[in-house]
């Protein structure tokens, strides 16, 4: 493949098949992981960044002089900055201080201005600050992934069709982490339309609220919510699996050591939940999960320590 723009390499990521060779997976069952960390920006959010900017141009919400502003834990910012290069757009990202320095460094390397908000305010504080900036900066656009229906649409139209084309419609369960909720909601909608009996399992860290707990700190980045994503209004989710930091990081290290998969801790959490799910199911079940991002942006967090 010859490229003239890195944005053209987004998508068409490989799928990794796990069997009982390395993990306690029942006979004839399998876990399939879509390796979204292999996108050029290092995460599944590359698809979102590309889709948001394409749709914003199509609907004339932005022009070549617009400044893109977005609250982000990092990966959406990286994705938007990567795609913005192609269109010569300015980018400003608001990031809570708690998130990894590597992601912030990558955003800056791609030309973005990064503004930090207090850790104690969480992503809600970053959203508030982003809205204030959008009101004060002329010719600016705030995609706001946490509310924008283009978020799940990005995965409904790109990621989900790729997976069904590659794996068919014999999947038993879809297991994936939930952050903004867009990846999960877009995937779930597409899969349910084609595989009505597929089980939907959302994955969250301890300190997230989907299982009815109180919001609190957690070390697993990229998943976990302080509020219920609006995209879940019409989704019939079978269960939420809560994974501890210890378990998520443990499987992240195992995936590197056993399989050479250098993925972030949200992937370790997703795999831990996928293992629990496949062990609950009859032999011959097929479980799908997503590995959202790379490990290299979490080294300062001691991901392999």
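Cβ atoms are placed via backbone N, Cα and C, with glycine included.
Summarising the annotation, Swiss-Prot assigns pyridoxal 5'-phosphate binding site to 75, 179, 180, 181, 182, 183, 266. There are 28 other CB atoms within 10 A of the CB of residue 183 (pyridoxal 5'-phosphate binding site), with all protein chains counted.
As annotated by Swiss-Prot, N6-(pyridoxal phosphate)lysine applies to 45. According to DSSP, residue 45 (N6-(pyridoxal phosphate)lysine) sits within a helical segment.
Recorded residues residue 266 (pyridoxal 5'-phosphate binding site) and residue 45 (N6-(pyridoxal phosphate)lysine) have their alpha carbons 13 Å apart, per Cα-Cα distance.
The C-beta environment of residue 75 (pyridoxal 5'-phosphate binding site), restricted to residues of the same chain at least 6 apart in sequence and closer than 8 Å, consists of 41, 42, 43, 44, 45, 103, 222, 292, 293. The sparsest Cβ neighbourhood within 10 Å, among the listed binding-site residues (180, 266), is found at 180. Secondary structure from DSSP puts residue 180 (pyridoxal 5'-phosphate binding site) in coil. For the binding-site residues 181, 182, the greatest number of Cβ atoms within 10 Å around a candidate Cβ is found at 182. Same-chain neighbours of the pyridoxal 5'-phosphate site beyond 75, 179, 180, 181, 182, 183, 266, judged by a C-beta within 8 angstroms of the site's C-beta center, are, in sequence order, 44, 45, 145, 177, 178, 184, 222, 223, 292. Around residue 179 (pyridoxal 5'-phosphate binding site), taking its Cβ as the centre, 24 other Cβ atoms fall within 10 Å, counting all chains.
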